[in-house]
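> Once you've had a glance at the structure underneath, I'll fire off some questions.
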Amino acid sequence: MTTKLVLASNNAGKLKEFGQLLAPLGFEVHAQREFNVPEAEEPHPTFVENALAKARHAARLTGLPALADDSGVCVNALGGAPGVHSARYAGEPKSDERNNRKLVDDLAAHGDKSAYYYCVLVFVRHAEDPQPLIAEGRWDGEIIAEPRGEGGFGYDPYFLLPASGKTVAELDADEKNRLSHRGQALRALVEKLK
Ligand SMILES: O=c1nc[nH]c2c1ncn2[C@H]1C[C@H](O)[C@@H](COP(=O)(O)OP(=O)(O)OP(=O)(O)O)O1
Ligand SMILES: [Mg+2]
């Protein structure tokens with residue numbers, strides 16, 4: 001049986017990746033935009049609380065099971081910033097270009113460029129689900145000052161994978177999904193759905 005679910009995100013990059021990751025698994029996936037679900041508030045200090053808020057919001061407004069992702073880049077020399085604030089690091093309106101510029105500027109004086117992507121996924125069967133399924137993923141790398149590559153989204157052109165010498169934006173979609181924080185989290189979540 002195929003499970004129909006709503007993806008509680010308006011981020012085009014995430015939606016594309018979830019489409020690729022979920023397609024082979026037999027889910028019928030709909031973006032929340034198809035149901036005119038407005039962006040949820042994300043006021044919380046943790047990824048898991050924000051992901052839960054997004055999932056409940058989409059489930060409440062659609063009556064469907066919902067999957068939400070809260071994610072970001074955490075930079076060690078910056079005490080874990082931008083972290084949960086990654087999407088709005090350089091303020092409103094959200095802008096990947098300004099976020100990336102601010103990140104590079106903020107890191108310029110630091111020798112330690114190590115960072116990691118972090119993703120929490122929350123699945124709720126309905127808005128009041130007392131047992132949300134939760135999974136996480138982490139992906140280590142370093143922040144570089146000059147962008148490279150055209151793939152991915154967000155911070156990817158500045159996120160270097162030292163093992164391959166490539167940025168995430170230089171990976172093809174399948175490679176990114178195999179390695180990424182989001183791919184890891186989704187595979188862990190799917191195990192819990194079984
Ligand atoms: O694989 C990734 N490659 C590059 N950048 C990424 C990735 N994963 C998260 N990120 C960055 C983008 C954004 O600056 C923040 C997520 O913020 P986050 O609030 O979870 O998502 P969002 O507001 O863009 O869309 P939505 O809340 O509708 O899902 O972390
Ligand atoms: Mg957001």
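The backbone N, Cα and C atoms fix where each Cβ goes, and this holds for glycine too.
Just lifted these from TrEMBL, have a look:
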- SER9, ASN10, ASN11, ALA12, GLY13, LYS14, SER71, PHE153, GLY154, TYR155, ASP156, LYS176, HIS181, ARG182: substrate binding site (BINDING)
- GLU41, ASP70: Mg(2+) binding site (BINDING)
- ASP70: active site, proton acceptor (ACT_SITE)
> What count of other C-beta atoms do you get within 10 angstroms of the C-beta of SER9 (substrate binding site), across all chains shown?
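Cβ-Cβ neighbours of SER9 (substrate binding site) within 10 Å number 26.
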> Between ASP70 (Mg(2+) binding site) and GLY13 (substrate binding site), find the distance joining the two CA atoms and give it rounded to the nearest Å.
13
> Tell me, by DSSP, whether GLY13 (substrate binding site) is helix, strand or coil?
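Helix, per DSSP.
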> What span in Å does the substrate site cover, taken as the longest CA to CA distance among SER9, ASN10, ASN11, ALA12, GLY13, LYS14, SER71, PHE153, GLY154, TYR155, ASP156, LYS176, HIS181, ARG182?
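This binding site's residues have a maximal Cα-Cα distance of 20 Å.
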> Give the distance between the Cα atoms of GLY154 (substrate binding site) and GLU41 (Mg(2+) binding site), rounded to the nearest whole Å.
20
> Count, for each of the binding-site residues ASN11, SER71, the other C-beta atoms lying within 10 angstroms of its own C-beta, and report the residue with the smallest count.
ASN11
> Using a Cβ cut-off under 8 Å and a sequence separation of 6 or more, which residues in the same chain sit near ASP156 (substrate binding site)?
GLY149, THR167, VAL168, ALA169, LYS176
> Could you check the binding-site residues GLY13, GLY154 and say which one's CB has the fewest neighbouring CB atoms inside 10 Å?
GLY13
> Of all the binding-site residues given, GLU41, ASP70, which residue's CB has the most CB neighbours within 10 A?
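Compared across GLU41, ASP70, the most Cβ atoms within 10 Å surround ASP70.
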> Mind giving me a neighbour count for HIS181 (substrate binding site)? Other Cβ atoms within 10 Å of its Cβ, every protein chain shown.
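So the number of other Cβ atoms within 10 Å of HIS181 (substrate binding site) is 22.
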> Distance between ASN11 (substrate binding site) and GLU41 (Mg(2+) binding site) at the Cα atoms, whole Å?
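Given the Cα positions, ASN11 (substrate binding site) is 14 Å from GLU41 (Mg(2+) binding site).
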> In angstrom units, rounded to an integer, how far apart are the Cα atoms of SER9 (substrate binding site) and GLU41 (Mg(2+) binding site)?
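Cα to Cα, SER9 (substrate binding site) and GLU41 (Mg(2+) binding site) are separated by 12 Å.
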